[in-house]
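Accompanying notes for the structure given below.
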Amino acid sequence: MIIPPIFGAIQSIRDGLEKRYIAAYLALTVVGMGSWCFHMTLKYEMQLLDELPMIYSCCIFVYCMFECFKTKSSINYHLLFTLVLFSLIVTMIYLKVKEPIFHQVMYGMLVFTLVLRSIYIVTWVYPWLRGLGYTSLTIFLLGFLLWNVDNIFCDSLRNFRKKAPPILGVTTQFHAWWHIFTGLGSYLHILFSLYTRTLYLRYRPKVKFLFGTWPVIMFEPQRKH
């Protein structure tokens with residue numbers, strides 16, 4: 001998930017959207033690039049480039065979701081400070097202990113926060129966004145689930161793939177599915193957050209599909225009568 005978020009960031013700049021959404025798109029691109037670098041090299045430094053941006057990008061997503069219903073261009077310094085401090089603490093501890101479970105728990109906490117906030121929005125504020133909201137959550141959480149299954153049963157899955165036909169073995173590459181589902185789920189989550197925000201600002205957002213396949217948000221300011 002590298003190129004589509006870049007286009008999303010460019011479109012956000014053209015539409016004059018708030019900088020946090022540009023940051024969200026670019027953060028997703030950084031995660032994709034970090035993951036690409038790590039899996040090409042399998043070096044520890046590249047692993048950090050893969051895993052730490054996951055924390056940072058989720059913090060940006062959290063900020064966007066909790067600031068959806070504020071005045072335009074407002075800045076919540078308390079929330080911003082809290083998320084930056086959280087990112088710094090997680091980074092320092094992770095560099096010290098180098099324990100993957102710690103990273104997974106911290107990342108899971110951020111994901112859980114996003115899930116609760118999203119459910120609140122589609123339940124009490126904009127029920128008609130349930131389709132987009134639940135689609136993004138389902139795809140993302142499916143990837144998150146497969147990631148944990150792969151971590152827990154890695155040895156068993158490897159042994160299974162040695163005996164299973166190649167086609168069946170490919171389907172059990174849960175780590176690969178994790179990247180696909182969470183990348184797509186994160187992108188759709190940004191669209192959901194952006195849709196929520198532009199609705200609150202009284203724009204008229206629409207989800208359209210570029211080339212008939214890739215979802216993007218197009219909108220125009222509501223006309224004044």
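Placed from the backbone N, Cα and C atoms, the Cβ positions cover glycine too.
Automatic prediction, not curation, is the source of TrEMBL annotations.
Listed in TrEMBL:
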{"type": "TRANSMEM", "residues": "21-42", "note": "transmembrane segment"}
{"type": "BINDING", "residues": "His39, His175, His179", "note": "Zn(2+) binding site"}
{"type": "TRANSMEM", "residues": "54-70", "note": "transmembrane segment"}
{"type": "TRANSMEM", "residues": "77-95", "note": "transmembrane segment"}
{"type": "TRANSMEM", "residues": "101-120", "note": "transmembrane segment"}
{"type": "TRANSMEM", "residues": "132-149", "note": "transmembrane segment"}
{"type": "TRANSMEM", "residues": "176-196", "note": "transmembrane segment"}
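Note: His179 (Zn(2+) binding site) has non-local neighbours Met1, Ser35, Gly143, i.e. same-chain residues 6+ apart with C-beta under 8 A of its own C-beta.
Same-chain residues lying 6 or more positions outside the transmembrane segment (101-120) and placing a CB less than 8 Å from one of its CB atoms are 51, 54-55, 58-59, 61-62, 65-66, 90, 93-94, 133, 136-137, 140-141, 144, 148, 151, 189, 192. Sequence-distant contacts (6 or more apart, same chain, Cβ under 8 Å) of His175 (Zn(2+) binding site) comprise Leu146, Trp147, Asp150. Sequence-distant contacts (6 or more apart, same chain, Cβ under 8 Å) of His39 (Zn(2+) binding site) comprise Asp50.
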